[in-house]
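Chemist: Straight from Swiss-Prot, here's the annotation block:
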- 17-24, 81-85, 135-138: GTP binding site (BINDING)
- 8-282: domain 'tr-type G' (DOMAIN)
- 285-304: region 'Disordered' (REGION)
Amino acid sequence: MARQVSLKDTRNIGIMAHIDAGKTTVTERILYYSGKIHKIGDTHDGAAQMDWMVQEQERGITITSAATTCFWKGNRINIIDTPGHVDFTVEVERSLRVLDGSVALFDAKSGVEPQSETVWRQADKYGVPRICFINKMDATGADYFMSVDTIRERLRANAVPIEIPIGAEDKFVGVVDLITMKANIYKNELGTEFTVEEIPSDLVEVAEKYRAELLENIAEHDEELMEKYLEGEELTEEEIKRAIRTATIANAMNPVLCGSAYKNKGVQPLLDAIVDYMPAPIDVPDIKGVDPQTDEPTTRKSSDEEPFAALAFKIATDPYVGKLAFTRVYSGTVESGSYVYNSTKGKRERIGRILMMHANKREEIDKAYAGDIVAIIGLKDTTTGDTLCDMDSEVILENMEFPDPVISVAIEPKTKASQEKMGIALAKLAEEDPTFRTYTDEETGDTIISGMGELHLEIIVDRLLREFKVEANIGNPQVAYRESITQAAEAQGKYVKQSGGRGQYGDCTLRVEPLDNPEESNGIEFVNAIVGGAIPKEYIPSVQAGAEEAAQTGILGGYPMLDMKITLLDGSYHDVDSSEMAYKIAGSMGFRAAVAKAKPILLEPAMKVEITTPDEYLGDVMGDVSSRRGKIDGMNPKNGVHVLDAFIPLAEMFGYATDLRSKTQGRATYSMQFDHYEQVPNSISEEVIGKKNNK
């Protein structure tokens, strides 16, 4: 099958937003107007096309980013729908990694909300160009200009309106296009018909002010336009659009549009803006990678002629076809039935079938081209973040980084017969989601599942029941504690066993000390400071392995140890009896003895929590933060509400959603994410260790 749409007419975009800004509704309307759906589905009644998991339809939130293809004015738009709940930030990171541009949605009543900031920062990290769409202009309290101000203030973004609304709340009837300086007035309920009219007289002055601001902004990024603008010449529509496109792709500005997706107003201009201002795959820098043979950096151009390279950014299990690998093709082409190389795993894979996804409907194609986002069936060893490439032109594209889980619960099947089934199901879910882990606690024999928050684990348990028919009970949440030390200490580890026949002999002296700046480390550093061969070279890795293994179970409560440096200072050996095993045991003994002298402490995860509360509940909310051992880091009043930034230990956050709702009659919201580890106060530390050791 020949390429249907050229690369320059392809757009890979995401839609990112806070949990309730109307993201799924906007996607629905885009699919409706671009002719993919004949009846509009609504999140309000649980029938949206993109929210295809049952849990999503019940909760009215989007959990997995479904990939959808649609066409608009001869362009192909691939849309990745991303979740807005903070427990699912991994899905957002994952989709931003494979997008070329994004539409950031905001709720016109509240402007920037906590999760909008998190998602915006993630998009900054990947340098994704964005246009802003201020949705829900028909809602009570909608305020377009306030929303634009919050984008500028809280996100420090150069948000520049290219439309302004005509009316607001129930009087919202259309928009003024600042490029053409005409008014688009919507005539029918479905928003498919609108008339282009002169700007209403009461809006002319405001429109002229914002148009001048737009022209000044784009002139800054285009010398030719700057000259014309300063000389008072009229700029053509084409020139303005070209300049907006250049500035947007360079991340120098964010065009702002508005509408009400629910009331079908403003969606077609948004589609036009996606085509006009979002980059095609050829407009973004070449994808970076590493040549696995030489470890040298390399790049791949977005072109069908280049060797094949693609990134599997999401694995999903489909009830009918099994494992789907959602994949972004960066360069080259790939055909169904062909063999490719998974360079991350070093394994050959066969491409079974290639599907173009439309929410949960699918169309089979026989070939995928550069710039396409497709689902591949038949990959056995491929997991999230793996690179697929040509056998004879290897590359590993930069991998994605995923945060470690912060909350764990014990889980057991309701019937013993389901034990094996549960194990298989959990393994499948862990394959789909790198922030979800499952393991067996060796001391208690319990199966433990870990994730990014209570909602994340609730949904996992839900999916066990629905997709795998496994009923499970879960225990109380457990916090991922860690241990560390507060001072330097030295100790000897000596393992000698000589009772006839070949004995064992390992002897080492280790120093442990806290790291100066733990933020830059990955937990534990090992340094060999032995000179003069006190321990033969071949045994040093064994000492390191013994010490690092011992660091996995600290001496206070058996939690993994963090933020410390281990130095091998000295040792001795025996010509006959020394062995790798003996040095491994000696390394472990020396480490534990040194840690015992180094004033060990317990660490707990501290969460960065952002709480948005109406002013009248501020005192109660602050008091509650203090009672949870929280520290308030900043306060930001805005329009009758206060936004509090706080650091609160995760151990104190269980059930917080319910408490906050009852304290504020459901009017406050919060979001949290892991920030750092900090020392647990002594009284609590003793209680935690006591509980752990009495198990």
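Every residue, even glycine, has its Cβ placed from backbone N, Cα and C.
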Chemist: Per DSSP, how many helix, strand and coil residues does the region 'Disordered' (285-304) have?
Modeler: 0 helix, 8 strand, 12 coil
Chemist: DSSP on Ala17 (GTP binding site), three-state: which is it?
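Modeler: DSSP call for Ala17 (GTP binding site): coil, neither helix nor strand.
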Chemist: Measure from the Cβ of Met137 (GTP binding site) and count the other Cβ atoms within 10 Å, all protein chains considered.
Modeler: 28
Chemist: Within 10 Å of the Cβ of Ala17 (GTP binding site), how many other Cβ atoms can be counted across all chains shown?
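Modeler: Ala17 (GTP binding site) is surrounded by 27 other Cβ atoms within 10 Å.
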Chemist: For the domain 'tr-type G' (8-282), what is the mean per-residue pLDDT, to the nearest integer?
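Modeler: For the domain 'tr-type G' (8-282), the model's average pLDDT rounds to 79.
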Chemist: Using DSSP reduced to three states, classify Met137 (GTP binding site) as helix, strand or coil.
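Modeler: Coil, per DSSP.
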